């Protein structure tokens, strides 16, 4: 191996170790279940994005198997070559019916959706206004676009409006936000954001990754909670990999936006399409979430119970109002030690550190699901409180 490169990479890895930011892969079994297995130890799964418990649902498995038997295991090409399987049209039509939009485009992941859409729409002639706590894929898309990047303080609409006022009138404006923030569990003020985009002649993209399947009528997303709000949003992005228990993502909105992305989005054009099995499972998942109010109600109730108990116990859970509940502890070392103790006690709870979250805000990110029982959550809360007292992490 080239010794210059070896020395450079070793130095970088040593730096990550020293900063408490080195990452490992751990084999995990039964991650689709409420209780998983890691290092031969059974743990309560409070780290998964399988919010509605659909990743292990027999109906999705059967749909995936049926599509594999009928159509094979691979897409064989990109969608623009010969990989545009008949199921794509069916699922995209289902998404439009679900979201009330004109056209949809299925892509391979939420990350490729965001980097592709933003870098295709925006250029050096434009300004993108982005919430400071938006997902990394949004940030990366803005960087790739070459657009002027204006970050507004988290959920601070006064700051956003100030930036909009200061923007050059010659430049096109794009606002982008998560709807549910993945590391904090709070939500964007969508109605106010839409008012600002209309006032200043911008367009808006919303990332519904952690809201699709959960909020709004039929689980269509946070943008569907308020009447007539979703139609004022230009592009909706959502994933199939979280509440829907599958894989992949979608972009949906007016015909012209999706037509443009289909022709310009490099992360869509230059990649092999999703396999038929995934599309079959996604179609079944959409059918289920549109009708299964009980799963959504259970998830929302479990989130409220878990948040309330942790907040009452004195933990810093920020402004969480959803099924994602962080305990912010500050340093990488505290987060890693707390995570280790929790896993030893039988709770799958993962330390989240920079650059995923801002410096000095390392945390344990808990995610409850609709499948957890109150007994499960109470059992976990008792152990979380006990370990936190021993580790002296209360604020």
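The backbone N, Cα and C atoms fix where each Cβ goes, glycine too.
For the pyridoxal 5'-phosphate site, Swiss-Prot gives 110, 111, 207, 208, 209, 210, 239, 240, 241, 242; the one candidate out of 94, 130, 182 that the record lists there too is 182. From the candidate list 125, 135, 149, 236, the residue Swiss-Prot records in the substrate site shared with 23, 356 is 135.
Considering other CB atoms within 10 Å as the measure, the emptiest surroundings among the binding-site residues 23, 210, 242 are those of 23. Taking the binding-site residues 182, 356 in turn, the residue surrounded by the fewest other Cβ atoms inside 10 Å of its Cβ turns out to be 356. Among the residues 23, 135, 356 said to bind substrate, no two Cα atoms are farther apart than 19 Å. The binding-site residues considered are 110, 135, 208, 240; of these, 135 has the fewest other C-beta atoms within 10 angstroms of its C-beta.
Taking the Cα of residue 208 (pyridoxal 5'-phosphate binding site) as the reference point, the closest of the binding-site residues 23, 135, 356 is 135. Apart from 110, 111, 182, 207, 208, 209, 210, 239, 240, 241, 242, the pyridoxal 5'-phosphate site neighbourhood in this chain, defined by C-beta within 8 angstroms of the site C-beta centre, holds 49, 212, 237, 238, 249.
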